[in-house]
Every structure is written in structure tokens, then in C-alpha cells.
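Have a look at the structure below, then the notes.
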Amino acid sequence: MSCLKYFLILLMLGLCVSSEENFQYDYLKVPASEFVSSINTIVVVIRQVSSILSQFADFSGDRRLQNAVSDCLDLLDFSSEELTWSASASENPKGKGNGTGDVGSDTRTWLSAALSNQATCMEGFDGTSGLVKSLVAGSLDQLYSMLRELLPLVQPEQKPKAVSKPGPIAKGPKAPPGRKLRDTDEDESLQFPDWVRPDDRKLLESNGRTYDVSVALDGTGNFTKIMDAIKKAPDYSSTRFVIYIKKGLYLENVEIKKKKWNIVMLGDGIDVTVISGNRSFIDGWTTFRSATFAVSGRGFLARDITFQNTAGPEKHQAVALRSDSDLSVFFRCAMRGYQDTLYTHTMRQFYRECTITGTVDFIFGDGTVVFQNCQILAKRGLPNQKNTITAQGRKDVNQPSGFSIQFSNISADADLVPYLNTTRTYLGRPWKLYSRTVFIRNNMSDVVRPEGWLEWNADFALDTLFYGEFMNYGPGSGLSSRVKWPGYHVFNNSDQANNFTVSQFIKGNLWLPSTGVTFSDGLYI
């Protein structure tokens, strides 16, 4: 072999190795070893803070304080696990435990969730005496600062180059004729995550009753309580565990813990299978713990179920559904409540053909979330109360989180219709400094005020928030009287709006096909 051929072979091998390394680590701005070392340091601090907090776990006589401490311990545990995922992904980018296969997107999501968890921990002490909060505030502040320093070590999301082609504007929550939607039969070459079985792909669209266990109030199922069925599910399952919940009103608070992966819940329909609770802030619960249904395990799927909180408007924060589940889907479900109905706390989530009702901040949290073809209905609340549909909680400019509401119907629920002239309803308000929400091609009724958006407190966040509107229609979609804030944007073309599509915002093309749910991956279909 000539020296030249030998040199070329070595060069090609070097390029292959170099390309592989770049593929694995080009999402980081620092060497993987340095990134992992920083994570390990933070995990040690988390353990120290947890040790301090655990001393107050049995604090008696103050329900709200007990719940706040319990929340913090859970949230710190969440953060520790999310950091562990991030470290593992950097050491083994092709590992089976990774989320979507896009390691950069996965890592940004998990680090963002860890950051939000600490803020939620502190918020839980609102309304308490402050003694415990003051004892742990310093440690929590240190932890929060360390997590904020970790996020910029991950490269920001690359801007999409492709622009979707224009098409007809959707006229409501149903797809118009000719609208092209993604289906799992479209492209058999789609790469599914390792944990997806072939028969899982159409699970949510199937009309059959294929399930592992069933729940029925009349005793005809395996269990009469939903929580008993959840306990039956294996921990960290790599395959779906399907629970069929028969029709009925289930009066229980349900919590799916972080270790319960890939649980699927199938009901008999909206307002047919109903999970109901009435916890509220006024009755001593933290907002986080007030949820009727809470899910943290990765890969959760729900179909044909209503989640409701019946506490009423006078009880203030009262969550119907809280999700911290990464890569979760809610299909043909309803979330019914008043203030803080749907808590999209953290992680990547997708809602399709759902009904969401409420009054104040009734879609809130710091998840990275897309809503498509949903009915979003404002209700009548307390006298002189203003309705706000969204209150997105992005706290740091490096977080990937935000809300993208698409192809949906924004209107008034039946109880509000007679009071449209006395109850003002807004698209949202900035709960946190970098609040981010966009509305894309929705039908907005006259329930939406001409100015569109509401301040949180004077000029707080008006120049740092990111609110956008693109090609909405209907009586409430007029732009001439919209707010003039520095952070408010009207998208005149698809360049900015493309950043908030399913394919870009939540990397849905990488994981939604595995669920079988229909979705629109662009702006024009």
C-alpha cells in the first residue's frame, strides 16, 4: 500500500471519529466531562437541601406548611433525577434511557424542569409563617443559581431553515377538507424510540379494548380505585402499561409518580369517565398539591377522560390536572375548573382535541406545550374578576419552555355568555419574567378583549416577555387595539411562527408518531 493511500485511509477514519464525536457533543459548549462534573456538584447540594427539609417533614398543625415541605422534597427528587438523565445523555448520547434521540433538546428540557422545580418549591411556602422558608431559602437560592449557570452550557436551539407552504386557514377546531395531518401510516421509515412496541403506535386511535388492567366503580374491573391500578404498573417500564377506566365519577386524587413510565389511561369519553376532586389553596393545599390528577412519570398518555376540580371560584387556586410528564399526550380529554385549571408544570406536552375551561390563569406553568384543535372556554368567575387564559411561567431566557396554541377555538363557556359585557377575558398575562405564549391560526370569539393581553403588575416583564399572534381569525382576533408592549409581536410571515410548531417546539416528529395520535407538524397543512 502506498504512503498516500495509507494517509487517506487514516484521514477518513479520523474524520469518521471526529464526526461521531461532534454528533454526540456538539450540543454542549463545554467538554462533556466538565458538564457532568457540574451536574454532580449540584446533585450533592440537592441532597444537602433535602436533608435540611426532611427535618420539617412531620411538622404538625399546619397543613399548608406540611404540604410545602412535602412538595419541596418531591421537587428536589425530580430535579436530581432530571440532572441524572442529563449527565447520562452526555456520557452516552445514544442510550436507551434518553428521551427523543435529540440529546440537545432533551437536555435543555430536563435542565429547564430542574430550574422550575426550585421556583415551585419556594412558591409553596406562600401563606405560611415563613420560618421554615427562611431556614432553607439560602440553600434553595444557591441551588437555583447553580442551575441557572448550567443551562447556558447547552447550545441554544437551531432556527428552522424550512418554511411551510401556505394553505387554507382552519375554520375552527376541526381539520378542514384537504388539510394534511401526520399519521403513523404516512412514513414507515419513521424512527421510533427504543421503548415503543409496534402495536403501541396506534394505541390512542384504536377503538378496541386492549389493556393490562381495568377500573370500574361497579366492581366489574380489576380494581375499583384508579390509584390501585397505578400501583400495579411496573416502575420505569420500557413498554406501555394500559389502564382502562370504565364510565363513572371517580372521587379520588390521583398521583402518578416519577418512576411510573409509559402509563396509558383510556376512558369511555369526555364527561363519561370523570376523575374529580376539590382541593384548593383556601383549604390549605399548595397549588402544586391541589391537583385532582397529577402525573410525573415519563411518556404518559390519556384518552377520553375528564379531569375536574369542583372547588369553585371562591377557593382560588384549585388545579384539575398537573403534568410534569415528559413526552406526554392528552387526546380527547377535558380539564374543568376555575382558577389554575391546567398546570403544565414542566416538560414537553401535547394536547389534541381537548376541552379546557376556567377563569383566572387557567392554563399555566412552565412546560413546553403545544395545544391543537382544542376548545378553550372562559367561564364566569367571581364578581368583577378578570379572566386570563394563560399565565406561562418561563423564568430564564435560556429555558426552551412556552405555550403554543394552534387551530383551536377560543370562546366563552355557557355560564359566561350572558355576562360578556361585564367580565373581561384576556389571552394571557406574564406570570414570570420571560413568559412566552403564542396563538397560531385560532378562532377567537368576542370573548377576547380588543387589547388581547393583560399586565401582571404594572410594567413587570413587558419588555422581556414574548407574546405572539399569527393568522388568527374571528371577532376577537383584531390587532388594531392590541397592546403595544415591547415583548408583544404580530407575526407577519411564517419565519417566527415556525419556531412554535410541533416539529420545532416540542420535537414532536421524533416522538408523537409512536403514540398514534394525529397531529399537525407545521403551520399550514
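Cβ atoms are placed via backbone N, Cα and C, with glycine included.
Database features, via Swiss-Prot:
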type	residues	note
REGION	30-153	region 'Pectinesterase inhibitor 44'
CARBOHYD	Asn98	N-linked glycosylation site
REGION	157-192	region 'Disordered'
REGION	212-509	region 'Pectinesterase 44'
CARBOHYD	Asn222	N-linked glycosylation site
CARBOHYD	Asn278	N-linked glycosylation site
BINDING	Thr287, Gln317, Arg429, Trp431	substrate binding site
SITE	Gln339	site 'Transition state stabilizer'
ACT_SITE	Asp340	active site, proton donor
DISULFID	Cys354-Cys374	disulfide bond
CARBOHYD	Asn409	N-linked glycosylation site
CARBOHYD	Asn421	N-linked glycosylation site
CARBOHYD	Asn443	N-linked glycosylation site
CARBOHYD	Asn492	N-linked glycosylation site
CARBOHYD	Asn499	N-linked glycosylation site
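On the structure: features taken from Swiss-Prot.
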residue: Asn222; record: N-linked glycosylation site; Cβ contacts under 8 Å, 6 or more apart: Val213, Ser214, Val215, Ala229, Lys232
residue: Asn278; record: N-linked glycosylation site; Cβ contacts under 8 Å, 6 or more apart: Thr292, Asn309, Thr310, Ala311, Lys315, Ala318
residue: Thr287; record: substrate binding site; Cβ contacts under 8 Å, 6 or more apart: Glu123, Gly124, Phe281, Gln317, Val319, Asp340, Tyr343
residue: Cys354; record: disulfide bond; Cβ contacts under 8 Å, 6 or more apart: Phe330, Phe331, Arg332, Cys333, Ala334, Met335, Phe371, Cys374, Gln375
residue: Asn421; record: N-linked glycosylation site; Cβ contacts under 8 Å, 6 or more apart: none
residue: Arg429; record: substrate binding site; Cβ contacts under 8 Å, 6 or more apart: Asp361, Thr388, Thr390, Ala391, Ser435, Trp453, Leu454, Glu455, Trp456
residue: Asn492; record: N-linked glycosylation site; Cβ contacts under 8 Å, 6 or more apart: none
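For the pair Asn499 (N-linked glycosylation site) and Asn443 (N-linked glycosylation site), the Cα-Cα distance reads 21 Å. The shortest Cα-Cα distance from Trp431 (substrate binding site) to any of the recorded positions (Gln339, Asn409, Asn443) is found for Gln339.
In this structure, the CA atom of Asn443 (N-linked glycosylation site) is 37 Å away from the CA atom of Asn98 (N-linked glycosylation site). In terms of DSSP helix, strand and coil, the region 'Pectinesterase inhibitor 44' (30-153) has 96 helix, 0 strand, 28 coil. Cα of Gln339 (site 'Transition state stabilizer') to Cα of Asn409 (N-linked glycosylation site): a span of 20 Å. In this structure the alpha carbons, written CA, of Asn98 (N-linked glycosylation site) and Asn409 (N-linked glycosylation site) are 35 Å apart. In this structure, Asn443 (N-linked glycosylation site) is part of a beta strand by DSSP. When pLDDT is averaged over the region 'Pectinesterase inhibitor 44' (30-153), the result is 90. Summarising the substrate site geometry, the residues cited as binding it (Thr287, Gln317, Arg429, Trp431) extend over a maximum Cα to Cα distance of 18 Å.
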